[in-house]
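Working notes, structure below.
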Amino acid sequence: RETKLQIVLTCSSTWLNLHLIVLMVLCVFLQGMAFSLEERLQLGIHGLLPPCFINQDVQLLRVTLENIIKMDLPLRKESKQYVFLMGLQDRNEKLFYRVLLSDVERFMPIIYTPTVGLACQQYGLIFRKPRGLFITIHDRGHIASVLQNWPEKDIRAVCVTDGERILGLGDLGCYGMGIPVGKLALYTACGGMPPQQCLPVMLDVGTDNETLLKDPLYIGLRHKRVRGQAYDDLLDEFMKAVSDRYGMDCLIQFEDFANVNAFRLLTKYRNQYCTFNDDIQGTAAVAVAGLLAALRITKSKMCDHTIVFQGAGEAAMGIAELITMAMEKEGLAKDECLKKIWMVDSKGLIVKGRDHLTHEKERFAHDHPHMKKLEDVIQELKPTAIIGVAAVAGAFSEQIIRDMASFNERPIIFALSNPTSKAECTAEQCYTLTEGRGIFASGSPFDPVTLPDGRMFYPGQGNNAYIFPGVGLGITACAIQHVTEEIFLTAAEALAHLVTEKDLAEGRLYPPLSSIRDVSLKLAVKIMEYAYEHNLATLRPEPSDKQAHIHSLCYSTDYDEFVVDSYRWPEDSMVVQSCKL
Ligand SMILES: *[C@@H]1O[C@H](CO)[C@@H](O)[C@H](O)[C@H]1NC(C)=O
């Protein structure tokens with residue numbers, strides 16, 4: 001009932017709409033996923049609930065399993081923190097964001113990597129109340145009407161996943177909804193985008209995860225993933241429906257799609273819609289920002305480096321692409337840039353003529369004998385930087401780190417896989433084995449490391465949250481309609497520029513997370529400037545003071561003043577009576 005009241009108070013729609021929303025919220029609370037398809041359609045709540053129809057017996061199982069039987073299992077602490085914060089987001093949104101901002105370093109890892117990964121794995125168990133919009137493969141032909149069920153009309157940013165590759169955890173199907181929900185919470189917390197302008201979407205096409213198909217608590221469609229033409233049609237229709245309803249400048253962020261679809265969809269839609277893929281482009285910008293900061297330590301240029309990737313998936317390709325652009329900007333010819341980048345996938349070093357080479361991998365295949373083991377590759381190529389993005393825990397062995405330290409005065413070692421359990425090496429291993437010479441960044445957070453000699457290092461967390469909220473804010477603030485690769489290079493350069501000499505001296509390659517709101521605003525201003533210079537912005541007239549313009553769009557966690565005047569309760573109403581009491 002409290003939530004119902006909160007919605008009544010914060011909603012500025014007409015009374016009719018209000019009435020409907022109250023009805024809808026009530027319904028969702030009353031029966032949850034027990035509503036049949038027909039009831040969902042009649043009540044206009046189709047899409048607001050996860051696709052699975054769950055009867056009261058299963059609801060009973062969820063409640064008893066979670067609240068009573070599994071109460072004291074060891075993994076419970078993190079997911080309890082997650083459940084608590086999500087509950088707060090439902091009850092008092094402004095306070096939720098105030099809490100996040102009060103200590104970003106502490107709270108971000110709960111609604112984002114690593115805890116969100118754990119939460120997604122147990123999404124069925126910890127499920128309380130749906131968040132975001134669920135669109136299934138069976139909604140084909142009707143996506144526009146599913147979007148109509150979403151109560152907000154002015155959406156500026158959509159984050160969408162199909163749950164096939166959640167972090168490094170694999171196919172979590174509909175349980176992956178935690179990811180877009182968490183990402184968009186960061187758009188608001190870090191980038192200041194108003195939460196009502198953000199829409200998390202799960203495109204449920206099924207799951208190939210047997211565990212989930214057998215899980216009685218699973219909230220998604222209980223069949224194998226639908227692929228091929230039907231899948232593509234769903235995506236086409238979705239992109240069009242979103243742009244029709246919210247405008248061509250509504251940003252659509254792709255998140256945690258499997259490789260096969262991620263590249264394909266990015267290539268297909270990037271020139272048609274306002275879209276980007278955070279796993280490819282966002283990750284790339286953060287990693288390249290880290291490299292640019294590392295160059296300030298090594299006092300070298302990007303094209304002085306030879307870089308080996310452990311992994312050749314979305315993140316690797318995105319990073320490599322952006323590194324190439326940065327090298328080209330330094331004046332090196334494209335072909336030469338590509339030659340400085342090597343990749344190792346699950347079959348070993350990627351070389352010309354090898355089997356299993358996709359179109360993307362082909363670009364980084366060089367003339368070289370094939371080698372299977374990463375250790376051998378490192379010894380042979382003697383790179384200056386290694387970047388791990390394959391979610392193979394411990395892939396940077398002691399041997400590899402020692403070798404890197406023997407070839408290089410300041411070896412660059414980035415263990416970017418998420419969550420923490422998938423990191424290629426720990427911060428401690430890197431600093432210890434390189435006697436503090438290693439320049440380290442990770443994807444998930446690591447605690448500071450003190451070496452036996454007393455020197456202290458603060459590992460840089462190459463957190464995508466440094467980039468996507470600021471990029472999203474910049475894009476939406478001036479209505480950019482196509483997100484170019486240069487926007488990400490601009491963001492990376494701006495981010496690296498914000499790292500102070502003092503940060504660098506302590507091993508930090510990124511500004512402190514506590515300054516992330518400020519970082520995002522600065523990135524957004526840079527992106528706006530770039531966009532107007534290069535004719536990408538469609539907002540006219542061009543705001544003369546871009547910073548002020550961005551500030552004016554930002555969400556504030558202060559409570560709005562409640563304008564009693566417009567309500568005028570009748571003198572004899574209960575409210576007025578009780579106020580008098
Ligand atoms: C299947 O789902 C479970 C439970 O969410 C998860 O822990 C596991 O990693 C998934 N497995 C694969 C192969 O995707």
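Just so you know, glycine gets a Cβ as well, placed from its N, Cα and C.
Note that the structure is a prediction, hence the values are computed from the model and not measured.
Feature annotation from TrEMBL assigns domain 'Malic enzyme N-terminal' to 89-270. Residues or ranges marked as active site, proton donor by TrEMBL: Tyr112. The (S)-malate binding site annotation in TrEMBL covers Arg165, Asn418, Asn463. The annotation active site, proton acceptor is assigned in TrEMBL to Lys183. Summarising the annotation, TrEMBL assigns divalent metal cation binding site to Glu255, Asp256, Asp279. For 280-532, the entry in TrEMBL reads domain 'Malic enzyme NAD-binding'.
What TrEMBL annotates, mapped onto the structure for a quick look.
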residue : record                             : Cβ contacts under 8 Å, 6 or more apart
Tyr112  : active site, proton donor          : Gly182, Lys183, Ala185, Leu186, Asn463, Ala465
Arg165  : (S)-malate binding site            : Asp171, Asp256, Phe257, Ala258, Asn259, Ala262
Glu255  : divalent metal cation binding site : Cys159, Val160, Thr161, Ile179, Pro180, Lys183, Asn277, Asp278, Asp279
Asn418  : (S)-malate binding site            : Thr113, Pro114, Gly117, Leu167, Gly168, Ala391, Gly443, Ser444
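Secondary structure from DSSP puts Asn463 ((S)-malate binding site) in coil.
When secondary structure is read from DSSP and collapsed to three states, the residue listed as 'active site, proton donor' falls in the coil class. Following the DSSP three-state reduction, the secondary structure of Asp279 (divalent metal cation binding site) is helix. Taking the Cβ of Asp279 (divalent metal cation binding site) as centre and 10 Å as the limit, one finds 26 other Cβ atoms among all the protein chains shown. Model confidence over the domain 'Malic enzyme N-terminal' (89-270) stands at 95, taken as the mean pLDDT rounded to a whole number.
Annotated divalent metal cation site Glu255, Asp256, Asp279; additional same-chain residues within 8 Å of its Cβ mean position, judged by their own Cβ, are Thr161, Arg165, Ile166, Ile179, Phe254, Phe257, Ala262, Asn277, Asp278, Glu314.
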